[in-house]
Every structure is written in structure tokens, then in C-alpha cells.
Amino acid sequence: MTVLLALDGVACIRGDRLVFEELSLALNRGDALWVRGPNGAGKSSLIRLAAGLLRPAAGRVVRRGRIALIDEAAALDSELPLRRALDFWARVDTVDGHAVDRAMDMMALNTLADVPVAMLSTGQRRRAAMVRVIASGAPIWLLDEPANGMDQAATARLVAAIATHRANGGAVLLASHFALAIPDLDELVMGVLA
């Protein structure tokens, strides 16, 4: 097995609060891990640590391959039409337009290509964020509440995209308050430390 993402004895401190400690995990090609727990348990902090946006207070994080991240913000220019906003990130991520086309089709956003990002619903913005993740070609997906605002059909598309990514050898670390119908999903339950 090829490990794409590993955390070894990781601790996270935010402000003066210990969020979690001695956390270890490994994601191999084809793996998916659902991180769940109450608000404040450290789900988003774990995603940010895995992405390299936070430094662990202890332990180490090893990434083998590029990452693609969804967090609370879609990071799309709200004034641009959706397709132009996605094309900007495609250039940053050095992805060709065909990958964006395929990802937009996968997330059923082609009909919204000319709509300004500011006019999209929350669920549509989450789907747009998934387009960027899918098109990136990154083997490691870090998804923080990716289904927020999505209806049942959009959630099914998200689940299908995750399944395709895993079948192609990718790994997914998914933080979510609610379960998604993803087969063979490992689970990490995080709690609040006293």
C-alpha cells in the first residue's frame, strides 16, 4: 500500500486550548476517512493541519502528492462568472480547461457557467468548490463539510466523485457533521478534551 497522507502523534493547539493530541492516522491510495464529532472537536483544525495551513504543536504530517482542499470558503471570485472563476484556479493549479469541463459536468454545473459566483446558492458554491478539487488532479482530497447546502442530487454527485477518485487511487479525508453514503468509509470520532 502507498501511504498518501500520514499524521503521527499530532497535537493541535488553537489559542491556549488543546484541541487534540496524540492523533495518528494514515490514508493509503483508495482510502477514505470520515472525521466526525461535535463543534469544537477539531475536525476543521485536523483538515487544516493535513493541508499544511496549521502547524502541529507536536508530531508530524507527511503528504505524498498534491492536495486539493475544500474549507468554509469556496475561494472563487464572486464578481466573475463561474466558468471564468474556475478557469482562474485552473491556471493556478496548472490544469487544462478540459479537466474543468469534465468536473463541471460531473457536478452538473455546465448550465451555470455564465452566472456570477455571487448569484450562486450555498449548495452551488460547494459544487463549484468540488469542481476545482476534481479538476486539480490532486491525489489527496481534504474536504471540510463538502455537502453543506447541497440537495440530495448534488450530494449523490459528490459521493460519486469521491468513489471515482478512490477507484483511481486517490485518498479522501472528509470532515462532516452528517454521514454520506460512501461505501468502505473508515471513521474517526473526535471529542472535546476537558
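Just so you know, glycine gets a Cβ as well, placed from its N, Cα and C.
As given in Swiss-Prot:
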- G37, P38, N39, G40, A41, G42, K43, S44: ATP binding site (BINDING)
- 5-194: domain 'ABC transporter' (DOMAIN)
Going by DSSP, is S44 (ATP binding site) part of a helix, a strand, or coil?
helix
Cβ neighbour count within 10 Å of S44 (ATP binding site):
19
Could you give the mean pLDDT over the domain 'ABC transporter' (5-194), rounded to a whole number?
92
Cβ neighbours of G40 (ATP binding site) where a neighbour is any other Cβ within 10 Å:
15
